[in-house]
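Asker: Grabbed the feature section from Swiss-Prot, which reads as follows:
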- 1-72: topological domain 'Extracellular' (TOPO_DOM)
- Asn31: N-linked glycosylation site (CARBOHYD)
- Asn35: N-linked glycosylation site (CARBOHYD)
- 73-93: transmembrane segment (TRANSMEM)
- 94-107: topological domain 'Cytoplasmic' (TOPO_DOM)
- 108-128: transmembrane segment (TRANSMEM)
- 129-144: topological domain 'Extracellular' (TOPO_DOM)
- Cys143-Cys221: disulfide bond (DISULFID)
- 145-165: transmembrane segment (TRANSMEM)
- 166-188: topological domain 'Cytoplasmic' (TOPO_DOM)
- 189-209: transmembrane segment (TRANSMEM)
- 210-238: topological domain 'Extracellular' (TOPO_DOM)
- 239-259: transmembrane segment (TRANSMEM)
- 260-293: topological domain 'Cytoplasmic' (TOPO_DOM)
- 294-314: transmembrane segment (TRANSMEM)
- 315-355: topological domain 'Extracellular' (TOPO_DOM)
- Lys337: N6-(retinylidene)lysine (MOD_RES)
- 356-372: transmembrane segment (TRANSMEM)
- 373-474: topological domain 'Cytoplasmic' (TOPO_DOM)
- 428-474: region 'Disordered' (REGION)
Amino acid sequence: MNSPSESRVPSSLTQDPSFTASPALLQGIWNSTQNISVRVQLLSVSPTTPGLQAAAWVPFPTVDVPDHAHYTLGTVILLVGLTGMLGNLTVIYTFCRNRGLRTPANMLIINLAVSDFLMSFTQAPVFFASSLYKKWLFGETGCKFYAFCGAVFGIVSMITLTAIAMDRYLVITRPLATIGMRSKRRTALVLLGVWLYALAWSLPPFFGWSAYVPEGLLTSCSWDYVTFTPLVRAYTMLLFCFVFFLPLLIIIFCYIFIFRAIRETGRACEGCGESPLRRRQWQRLQSEWKMAKVALIVILLFVLSWAPYSTVALVGFAGYSHILTPYMSSVPAVIAKASAIHNPIIYAITHPKYRAAIAQHLPCLGVLLGVSGQRSHPSLSYRSTHRSTLSSQSSDLSWISGQKRQESLGSESEVGWTDTETTAAWGAAQQASGQSFCSHDLEDGEVKAPSSPQEQKSKTPKTKRHLPSLDRRM
């Protein structure tokens, strides 16, 4: 570690019994020792410095920080990990157990819970164990695998949140377009694309484009955002553009148009007067908007959790890694991993059907949430309309008007329609047959058709008519 210019004491002199060290020589030896100590400390704090990466692996370096710093971070990450695993496992179990929650839209929520569960499962125990020993314990291969898992599951969560925002955008602004699109099979293909996209951005460090290295207090690993080389900086720049900033812009775009659609629909409903239709349409839109707000809260918390870590990485990308301390890297990393606990907590507080399902399948947890099992069953009704109902030419209005709100756990059809989609489909069909948009009345499978002038004169209580035809392949 010593440079040629540093003061050294020849071994031949130290072995001479008559040798006496002068004060000046002792001071030179002390200065040389101090230089060695400082250089070793710099090497341990910045293992990603160019030219020193290979030396950082054997043995793994440590950072000269108080022991309580390691223990505190280790305890926090353990609590975060346990909460994330138990909470997301509850979400997965509840959504999969309840038929009324197994819809194409909720498949995205289940995927988010799966990625958050795996994030907590793969990151927290390893981080905690290394913090107890105040150094990385799992070797170079373990470091790469740990960082790879963190990258994959973090990217999957971000892209899944983007897909949720797009789903809410389509349901609220273009409900007719989603009738034939939102099937479980197509949603599964979307989720497959999400995982492949995450793998595409997580595998390059294994092949020499950037690297997975220790970071912060050197008890966790991440991709190399410190090395100031064109190849590493290019990977960091593209990663931020296509994994963070672009999805964030898409989410902002979706919610801007959701706000506009709700405002315009509210104004349109005002022209219908104080009719039951107006109230029901507004209630349906409000229901969809409540779900959109839940998704928006999850997205905002996720972005806020990753913002400090992204800032640290961008500082390293800009070439100012020398101002980053071990704490400045480790604390944001813990905050980012805490994003895995937001999803189950928010849904347990704000999602009425999820709360009711918990009360039914997990009564003990339902008591903690203040939800009664007996009272929750009616709210589990999954309101949907079969495509065959709208596509059948032989269905009459008297049969439809006899259908009341389903008090079951769900429809077995592949496509679960929301209230907004059903309203839009019926409204478009009525418009195609020359009827006014404000003249029909539809609520959860109950349809009341307007009567023609001849029917009003004859005051016929019921008239059989056929629904407009819709393609069965929608």
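Placement of Cβ uses the backbone N, Cα and C atoms for every residue, glycine included.
Source: prediction; values computed, not measured.
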Asker: In the three-state scheme derived from DSSP, which category covers Cys143 (disulfide bond)?
Answerer: helix
Asker: For the residue listed as 'N6-(retinylidene)lysine', what is the secondary structure state per DSSP, taken as helix, strand or coil?
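Answerer: Note: the residue listed as 'N6-(retinylidene)lysine' is helical by DSSP.
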Asker: Would you call the transmembrane segment (73-93) and the transmembrane segment (294-314) in contact, using three or more Cβ pairs under 8 Å, pairs 6 or more apart in sequence?
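Answerer: By the criterion, they do not touch.
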Asker: Counting only residues 6+ away in sequence within the same chain, which have a CB under 8 Å from the CB of Cys221 (disulfide bond)?
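Answerer: Set apart from Cys221 (disulfide bond) by at least 6 residues yet with Cβ under 8 Å, we have Trp136, Cys143, Lys144, Tyr146, Ala147, Gly150, Tyr212, Val213, Pro214, Glu215.
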Asker: Taking the topological domain 'Extracellular' (129-144) alone, what is its mean pLDDT?
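Answerer: The average pLDDT of the model in the topological domain 'Extracellular' (129-144) works out to 93.
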Asker: Around the C-beta of Cys143 (disulfide bond), how many further C-beta atoms are within 10 angstroms, looking at every protein chain?
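Answerer: I count 25 other Cβ atoms within 10 Å of it.
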Asker: Go through 145-165, 189-209, 294-314 and flag the stretch with the largest number of C-beta pairs under 8 Å relative to the transmembrane segment (239-259).
Answerer: 145-165
Asker: Does anything in the same chain, at least 6 positions from Lys337 (N6-(retinylidene)lysine), have a Cβ under 8 Å from its Cβ, and if so what?
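Answerer: Long-range Cβ contacts: Ile77, Val80, Gly81, Met119, Ser120, Gln123, Ala124, Phe127, Gly150.
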Asker: For the transmembrane segment (189-209), find every same-chain residue at least 6 residues outside the stretch whose CB is under 8 Å from a CB in it, and list them.
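Answerer: Contacts with the transmembrane segment (189-209): 107-108, 111, 144, 147-148, 151-153, 155-156, 159-160, 163, 223-224, 231, 235, 239, 242-243.
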